[in-house]
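> Dropping a structure here in structure tokens format, bear with me for questions.
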């Protein structure tokens, strides 16, 4: 049988060609969208209302991807990125857009996803929770890369969609005291005899000081420990080591746990604080986390003796303040270590109307003897959402549901389930937890109507 040559869609001739395209919108991941020969073309770094020169990098049946070569006609929202590492580091992807433009885009994207996939067009759009656009991160993990040829250890962040480490000298979204430690730490780590055995470095800015967690794959000798101890004393920072088993050891002093305030000031009687073990999940934007907790309290309006269920409760980010307001709170978390720390936090805050349980949140927890009647519900799941949990929660019929989401796609899917079960979307608001990036977080309030 005769066979005829058919050009592959990703031929080198097609991909090497440069095109001039007009960008009309952003996708939900922050890439510009243009049209070419009936296809949608995604262009990272391009903004709406721009004319750009691009080079195709990938051709599919219904879409293509392109690399931005030049901005021919810039958008009024285009700004010069503040970070010198922006074009190589994979941490931020919207520094080229004004902060107001970023927030307008995120809010529009949130509404679009909710309307398209949940049919949730009602409710009141609440003002976005916003804060500082720079130096807002109180926690970051830096990667290390040891070059066997040069014997040099690089410290930085991963490049976008790559395992390569981009050495950095500063980070414009990291808390300034932590950013200022990057270069000194890079010099210190290169002075250690065990530098080939070092893993990531985590930097934390807490209310009780600054912390560094250094991952090690083998024990350090006394000389290396002495250098770390001297560095900690010089820079007024707590340093701890994390070994292969995940155990932590303080350097030059006993291990101190970082502490964050959730409500009020630590000197106030109504203050609530949260301590955590390095490695546990906490919200990296402290300013926005406080605003988020306050909004959740306002929307749920906990009353004394109401029973509130907090699913995916972590170490008590919402449970602790809810209990402080007088409600009886049940917190359920799937990670046993975080449940242990949540109980420590409840005791430290003198909260006795609060109980934490470790459980599989995809299982039917309504059958547990401790569950009982639930008046209100708070959900704060990971990116996968709470679809499995919502299957058994229909038995509980809480009057109010506050859903805190770090993924609008799973929020929309789960919202559709709640709407089908007689809930009405009352409030929806953007949470700008990660300025200078495309990431969208949101909070939604649902009330039972039937």
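One is the number of the first residue shown, and numbering goes on along the chain from there.
For all residues, glycine too, the Cβ spot is worked out from N, Cα and C.
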> Going by Swiss-Prot, 283, 312, 317, 333, 360 bind S-adenosyl-L-methionine; tell me which of 243, 298, 375, 380 is listed for that site too.
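Site partner of 283, 312, 317, 333, 360 for S-adenosyl-L-methionine, according to Swiss-Prot: 380.
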> Taking Swiss-Prot at its word that 89, 92, 171 bind [4Fe-4S] cluster, choose the one of 83, 240 listed for that site.
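Given 89, 92, 171 bind [4Fe-4S] cluster in Swiss-Prot, the matching entry from 83, 240 is 83.
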> The record names 283, 312, 317, 333, 360, 380 as the residues that bind S-adenosyl-L-methionine; what is their largest Cα to Cα distance in Å?
22
> Give the helix, strand or coil assignment DSSP yields for residue 171 ([4Fe-4S] cluster binding site).
coil
> So of 333, 360, 380, which of the binding-site residues has the fewest other Cβ atoms within 10 Å around its own Cβ?
360
> Work through the recorded positions one by one (83, 89, 92, 171, 406) and name whichever has its CA nearest to the CA of residue 283 (S-adenosyl-L-methionine binding site).
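Result for residue 283 (S-adenosyl-L-methionine binding site): the nearest of the recorded positions is 406.
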> Determine the most Cβ-crowded residue among the binding-site residues 283, 317, using a 10 Å radius around each Cβ and all protein chains in the structure.
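Output for this query is 317.
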> Whole-number Å only: compute the distance from the Cα of residue 92 ([4Fe-4S] cluster binding site) to the Cα of residue 406 (active site, nucleophile).
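Cα to Cα, residue 92 ([4Fe-4S] cluster binding site) and residue 406 (active site, nucleophile) are separated by 17 Å.
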> Cβ distance under 8 Å to residue 83 ([4Fe-4S] cluster binding site), same chain, sequence separation 6 or more: which residues?
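The answer is 89, 92, 95, 170, 171, 172, 173.
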